[in-house]
Amino acid sequence: MAGRRVNVNVGVLGHIDSGKTALARALSTTASTAAFDKQPQSRERGITLDLGFSCFVVPLPGAEPGSSDTLLQVTLVDCPGHASLIRTIIGGAQIIDLMMLVIDVTKGMQTQSAECLVIGQIACQKLVVVLNKIDLLAEGKRQAAIDKMTKKMQKTLENTKFRGAPIIPVAAKPGGPEAPETEAPQGISELIELLKSQISIPTRDPSGPFLMSVDHCFSIKGQGTVMTGTILSGTISLGDSVEIPALKVVKKVKSMQMFHTPVTSAMQGDRLGICVTQFDPKLLERGLVCAPESLHTVHAALISVEKIPYFRGPLQTKAKFHITVGHETVMGRTLFFSPAPDSFDLEPVLDSFDLSREYLFQEQYLCKDSMPTATEGDDEADPKAGHAPGGHCPRQQWALVEFEKPVTCPRLCLVIGSRLDADIHTNTCRLAFHGVLLQGLEDKNYIESFLPALRVYKLKHKHGLVERVMDDYSVIGRSLFKKETNIQLFVGLKVQLSTGEQGIIDSAFGQSGKFKIHIPGGLSPESKKILTPTLKKRSRAGRGETTKPEEGTERPEPIQPVTLNLSFKRYVFDTQKRMVQTP
């Protein structure tokens, strides 16, 4: 290798049978370990079953002619297009600098190509659209068909971050997969030039702990076990120790190679093979390798959440999703929450979680398309329905995700929630949300040790009526509690009267759910007038005479109903189920 090669990773994504592997083969000059459908199962079925890697080398754009560091190594990551293998695509997208979306020009956007576009928006900054199989278009109408599909793709990309992305026509394998190799691919030289113009040399950071995403593991007789993958962070040198966290095993690096060339060190972004001894390759097909004790294994996590707009249906608390985190996809149960309503407009914090703040429990993720229209007599939306008061959306939302089995992952890693159990043949997006893992809960007993410190609350509202006045500072209330309710639990809580006074629940009154309310500031004359009813009793002369109700007779209702409102917070993870009111 003359000078150091600068490595960039280009993802080749698209719908099944769009010609991704043929395109990667046409572009490549050097085949990596797993490239070009080497898996027998994959060759038999004609689809890419796992991440295939290959590369080609071109002069570094802008480099001085003849300089020792003039080579740009473009590593192609051929992701499978088969719908049931979307887990693998998600794992691959996390190591991609630029994405090539391969479209069958005769079919246009299909279900998996749309999902790949969604993943690209989450995990990638740049896109090139490749219209493949142009050789299948009738020669006389070819350019018109290419122009028509180009316009369609431009319209598709209009509302994405990839608006204005370049679109190029090619024929990676003229005549189809069974055709002889005699006919040369079309448009590949132009595609390489386009990629060179689009690739910006990523800034690689050698600092931080070593972390590598491993996609294949195999043994070489007399050498040891080789793990191939892409370095996500940090650096590695010969003789360093690495941990395979899923197995809790630490091994020493015996040798390293980049595309069959021995190297002594490698850094973030490099495609690498690491050789270790006395390790069974069957124990690790895909996963993570890291500096010892640099990753954490978590049973639950606090994550930031952003809904994917193409996902139909709500994101509901207590729902289960397939959660892709690190290199694993596991089932997880979600609980959504947002800032307190007065903090909805605060600037989002993307790299940490503040346990000192209070958060509002949501029955579902809040988004504008889930906002209800106001109903008559309902001033505020029902928090249970997962809608914000007044239709106002918070700028940031979070979720507690509880995993069905522990996962090993880096801190602040990408998280994607999806519904991979949905019918793969329907034309719907199965990717539901994405976010960042802000805090992992490593303690198996996190429910007792951590969750009580997470101040997520529900707002509770109870409504009742004032039955009558006892004196200037006391009234009797009813219809707030059931007969069997232990009113003692509510003693000391404040209630608001519709006449404006504030009262405090003092004690139970009888056995029927009624209660006594103390009014510290006393009742106003207007309130007393409303609450003190009068009866008319006929005198002997037949004239109406006002009297007070006699003791023992049924008490009449106040002149007009006076309502009581009891509002309090109940913290979701408070084991004592306390009711809290703000001063």
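Each Cβ is built from the backbone N, Cα and C atoms, and glycine gets one as well.
From a predicted model like this one, the values you see are computed outputs, not experimental measurements.
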Please pick, from Asp135, Asp215, Asp240, the residue that Swiss-Prot records in the GTP site together with Gly19, Thr21, Ala22, Lys173.
Asp135
Per Swiss-Prot record, range annotated region 'G4' [choices 132-135, 252-255, 340-343]
132-135
Can you dig through Swiss-Prot and tell me which residue of Arg538, Arg543 is labelled omega-N-methylarginine?
Arg543
Calculate the distance in Å between the alpha carbons (Cα) of Thr21 (GTP binding site) and Ser524 (phosphoserine), and round it to a whole number.
82
Rounded Cα separation (Å) that holds between Lys173 (GTP binding site) and Ser524 (phosphoserine):
89
Largest CA-to-CA spread of GTP binders Gly19, Thr21, Ala22, Asp135, Lys173, angstrom:
17
Between the Cα atoms of Asp78 (Mg(2+) binding site) and Ser524 (phosphoserine), find the distance and write it as a whole number of Å.
77
Could you tell me which of these recorded positions, Thr21, Ser524, has the fewest other Cβ atoms within 10 Å of its Cβ?
Ser524
Between the Cα atoms of Thr532 (phosphothreonine) and Asp135 (GTP binding site), find the distance and write it as a whole number of Å.
91
